[in-house]
Amino acid sequence: MGRSRRASVRLPPRTIVRHLRSASLLAWRAGRLGALAQVLLTVVAGVLPVAAAWLTKLVLDGLTGPDSGTDVLVLAVLLAGVGVLTVVVSQAKQYAQAQLGRSVALSASGRLFAALNRLVGLARFEDPRFRDRLELAQQSGRAAPIKVLGTGLGIGQGVITMSGFVGTLLATGPWMAVAVAVAAVPTVRAELAISRRRAQMMWDTSQTMRRELFYSQLLTDAQAAKEIRLFGLGGFFRRRMLKELSTTQEASRRVDRRELAVQGLLGLMGAVVAGAGLLWAIRAAQSGQLTVGDVSVFVAAVAGTQSALASIVRETASAHEAMLTFDHYQAIVTGPPDLQIHPRPISPEPLRQGIELRDVWFRYSDEHPWVLRGVNLTIPVGTAVALVGLNGAGKSTLVKLLCRFYDPNRGAVHWDGVDLRELEVEQLRARIGAVFQDFMTYDLTARENIGVGNLTALTDHHRITSAALAARVHDTIVDLPHGYETMLTRIFFQHADRDDPDTGVFLSGGQWQRVGLARAFLRDNPDLLILDEPSAGLDAEAEHDIHQRLRRHREGQTSVLISHRLNAVRDADHIAVLADGQIVEQGSHDSLLTAGGRYARLFTLQAHGYSDVGGVHGAADVGAVP
Ligand SMILES: Nc1ncnc2c1ncn2[C@@H]1O[C@H](COP(=O)(O)OP(=O)(O)OP(=O)(O)O)[C@@H](O)[C@H]1O
């Protein structure tokens, strides 16, 4: 944990005040009625202890004084009423707080995820510091506004109670009011220091917490279960998870211990002050200076002032801590865009000439090596361009730049001569259809798994089935227990349904791949079709079939195809070979074979591999070539 991580929890007072305002506004906008109810109940809750103390005094004085009569009974009934009201108000406050908490959680999560969706690129999601922030932001966005309101009201309640008791103290033993106030000064400092320490601890342990979460999710993940069992990794990951958990716990134990020591000392000091006051009050009562009722209200006033003051200090420290973590929420919600946003973005026109990469240099961050080093490539409209290269050559990175998930560090990608940075990014992506190597398998129905490829067609049965037919997965889907409405997961079902196949199914890897293809086909005639290893999980027959279909589907369309099976790319109009971050060869299949370079070597190697075993279609993985 570096120095920068430690420094980040200190906030200037101006920022704290700004966060306080934002958090209060968030709570207020989320539930005005709930917030008002809280304020009202807090005022009542603040007055009640003072009323109870005074009524007790009056009852005691009535009982022991000369004119005891029916008034005492009335006072006793009032005292009992205050007792009942205290319980009712406390319960009502709890309910109002929980209700407000729910509204704030809804509103805060809505804002946070809207901010995440505004990030158009991928870099932030891959930045560990951002992920740490996100983890804390999810907690603090929901908790901080409630805490701020709660602490604000808690302080208000404390002030009301304290004012009542301080008045009482001033009337009975004014020096006691001063002593209680002076004893509170170190408490304020200590509580604020502890709150800072706790916020620091949360930031310092955020990575450990994320790792613990990662291991615990891994141990419960259905997909990971296979390897974990085969390789006997259960104990290994469990130990790692427990280690991370105990590291986090150790850090929080250290803060708890310090808090315990500080609280103990402060409690001792408070007890000494209260004890001295009690002695004085008893002596004063013995000498006839105070009545029994006076002693009771004095003792209640000392205890009440101390506890109200302690609660004010605690609440202040808690608000301070909440603001330190709320900073992460604010940083994400009000953070700058991840990619450069053009002030007046152009709406991209249908592709007429082509896409061009001009001297594109790219690396994932300053700490990473260059992946692309001056790539120049033209993808003319209506042509199929294949990207070929060893594992890690940068093929997927290049297509991610075409979708503008990242911007090049140097050079530019042009869409009909316009830099992608000048185009409206959502509209650009609406013109691109893609199947990625690591496509998603959603825990949704078959229809939705295809429909997410184009939300306007989500409920259009005809379009969904056409896409499924094109990807040759329609027959598989209609054979499922509920056809297109079958859930392609079994993770959401109740225990009682676990043996019922109707509740959801698992697809094979190849079947999923076809669903992924159908998803891409749902985009009507995209201007650019990206196929990054679209057939890696298919059997030889299916692969051949899919490639035939893709060929037809691509016909006349602008497409970029990545495949390690060179047989699948030989029909492309143009083949570009990537190596060492550059295009080292390009041309048609025939011209590249004639040139006898890298492509020719790889193709011959694969072809030999197949002729050795008598195969015809497909080829071995280029990445396997040393
Ligand atoms: N998100 C990322 N952050 C940092 N480095 C990355 C990231 N994605 C890829 N890389 C690195 O960039 C390089 C190129 O990766 P890329 O996935 O583009 O290669 P590829 O040619 O598609 O490989 P493959 O054939 O194995 O799919 C690799 O060295 C990889 O480690």
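Cβ atoms are placed via backbone N, Cα and C, with glycine included.
Predicted, not measured: the structure shown is a model, and the values here were computed from it.
Per TrEMBL, the feature domain 'ABC transmembrane type-1' maps to 39-321.
Residues or ranges marked as domain 'ABC transporter' in TrEMBL: 355-605.
Sequence-distant contacts of the transmembrane segment (39-60), counting only residues of its own chain at least 6 positions beyond either end whose CB sits under 8 Å from a CB of the stretch, comprise 72, 75-76, 78-79, 82-83, 85-86, 89-90, 92-93, 96, 153-154, 156-161, 164-165, 168, 291-294, 296-297, 300-301, 304. Look at TrEMBL and you will find 39-60 (among others) tagged as transmembrane segment.
Under the heading transmembrane segment, TrEMBL lists 72-92 (among others). Distant neighbours of the transmembrane segment (72-92): 37, 41, 44-45, 48-49, 51-52, 55-56, 58-59, 62-63; these residues of the same chain sit at least 6 beyond its ends, with a Cβ under 8 Å from one of its Cβ atoms.
As annotated by TrEMBL, transmembrane segment applies to 148-169 (among others). Long-range neighbours of the transmembrane segment (148-169) within the same chain, counting only residues 6 or more positions beyond its ends whose Cβ lies under 8 Å from a Cβ of the stretch, are 20, 23-24, 27-28, 35, 38-39, 42-43, 45-47, 49-50, 53-54, 97, 100, 176-177, 180, 297-298, 300-302, 304-305, 308-309, 311-312, 315-316, 318-319, 322-323, 326.
Under the heading transmembrane segment, TrEMBL lists 175-194 (among others).
Annotation source TrEMBL lists transmembrane segment at 260-282 (among others).
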